[in-house]
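Visitor: Among the features that Swiss-Prot reports, repeat 'ANK 1' is placed at 71-100. The annotation repeat 'ANK 2' is assigned in Swiss-Prot to 104-135. Swiss-Prot lists 207-237 with the feature repeat 'ANK 3'. The repeat 'ANK 4' annotation in Swiss-Prot covers 241-271. Per Swiss-Prot, the feature repeat 'ANK 5' maps to 296-325. Marked as repeat 'ANK 6' by Swiss-Prot: 327-351.
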């Protein structure tokens with residue numbers, strides 16, 4: 001047994017020898033009984049350009065064409081993968097099962113590499129020896145036709161002519177056009193003839209993605225494919241994640257002229273489209289949308305402030321669109337550049353929303369940097385009064401604002417002449433500092 005295994009071992013090494021001699025090979029085989037240890041038949045079926053007589057000798061010696069190697073491959077699968085039709089024919093004539101499935105649940109028909117003539121010859125061979133049509137699906141739920149993501153028109157039509165169904169989808173609901181778009185080099189010409197063969201260019205997959213969704217989500221856009229798919233697809237059609245082909249173009253930072261192409265096919269510009277333009281700071285798209293009749297309002301300005309879209313803020317300002325409480329929402333976002341931009345454009349620091357002020361929100365966020373910027377822009381006495389009320393109501397830490405309030409009172413002596421303001425300020429400070437400190441100075445005002 002050791003001698004048999006040793007002879008097989010040297011026969012496996014012979015696969016790596018460049019100048020193989022059939023007579024030498026036959027002599028080596030004389031000392032061998034198939035053991036299955038080295039998968040000899042598999043190894044020789046995987047040699048490109050090998051004379052099929054080597055495989056024939058192995059088959060005559062008793063090596064089975066219907067055994068798998070350690071990876072679950074059959075000799076017929078291996079020969080199909082490397083496009084050796086002569087070995088494919090040899091295996092089939094010696095009983096290889098054309099419907100055997102490898103670990104990926106693929107039959108030999110799934111492996112269609114080679115020129116059109118070679119692929120068509122292999123298809124004819126497999127079908128001639130009993131390959132079943134529409135009888136297998138791989139791990140992705142694809143039959144051989146659907147698994148071929150980048151077929152030539154001639155091969156595709158050949159596969160269809162022998163009975164394969166073209167109007168099918170994989171387990172994700174993707175049809176041939178979806179899958180072709182996911183290949184390395186999708187082509188408009190391929191999609192064009194697929195459409196002529198009746199494959200839907202607008203069918204959504206199980207996630208709601210049409211082929212146009214897929215092409216619009218790619219980093220590099222194929223304009224020819226977009227032009228081909230546009231007439232049959234609603235650019236506002238949302239997938240289950242809420243994205244449309246139009247919003248996907250915006251999210252992938254596509255050029256304005258391409259987005260305009262999709263906009264030109266739509267009668268409706270949705271609020272979602274506007275919101276995504278603002279989120280990605282696409283002021284150029286806002287301008288295109290505005291030219292098509294879409295009106296903006298303070299809600300759009302507010303969103304631009306919240307997400308920090310400086311270019312969109314500038315565009316809206318130039319078109320006299322503002323939000324009176326913009327500074328408040330800029331503080332909430334803690335985006336200093338936005339705060340600076342609004343201050344530069346003379347937005348008020350006296351915004352009050354639901355009883356909260358810009359300053360009280362700085363205290364809540366523990367942000368002394370933005371607080372100092374706001375205090376330098378002269379909030380009103382009423383604003384400071386409301387700030388103290390909001391801080392006390394929500395029991396916020398006063399330490400961050402006490403120095404600013406003290407300086408404010410010092411610079412605004414009229415503040416303490418208002419009993420309401422003074423009483424609030426006295427209580428605010430008294431509750432903060434240590435017991436025993438005298439506040440008689442306050443009594444001098446009254």
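Just so you know, glycine gets a Cβ as well, placed from its N, Cα and C.
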Visitor: From the DSSP assignment alone, can you count helix, strand and coil residues within the repeat 'ANK 5' (296-325)?
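Guide: Output for the repeat 'ANK 5' (296-325) reads 19 helix, 0 strand, 11 coil.
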Visitor: Pull the DSSP breakdown for the repeat 'ANK 6' (327-351) and write it out as helix, strand, coil residue counts.
Guide: 16 helix, 0 strand, 9 coil
Visitor: Please count the residues of the repeat 'ANK 2' (104-135) that DSSP assigns to helix (H, G, I), strand (E, B) and coil.
Guide: 16 helix, 0 strand, 16 coil
Visitor: When the pLDDT values for the repeat 'ANK 4' (241-271) are averaged, what is the result?
Guide: 94
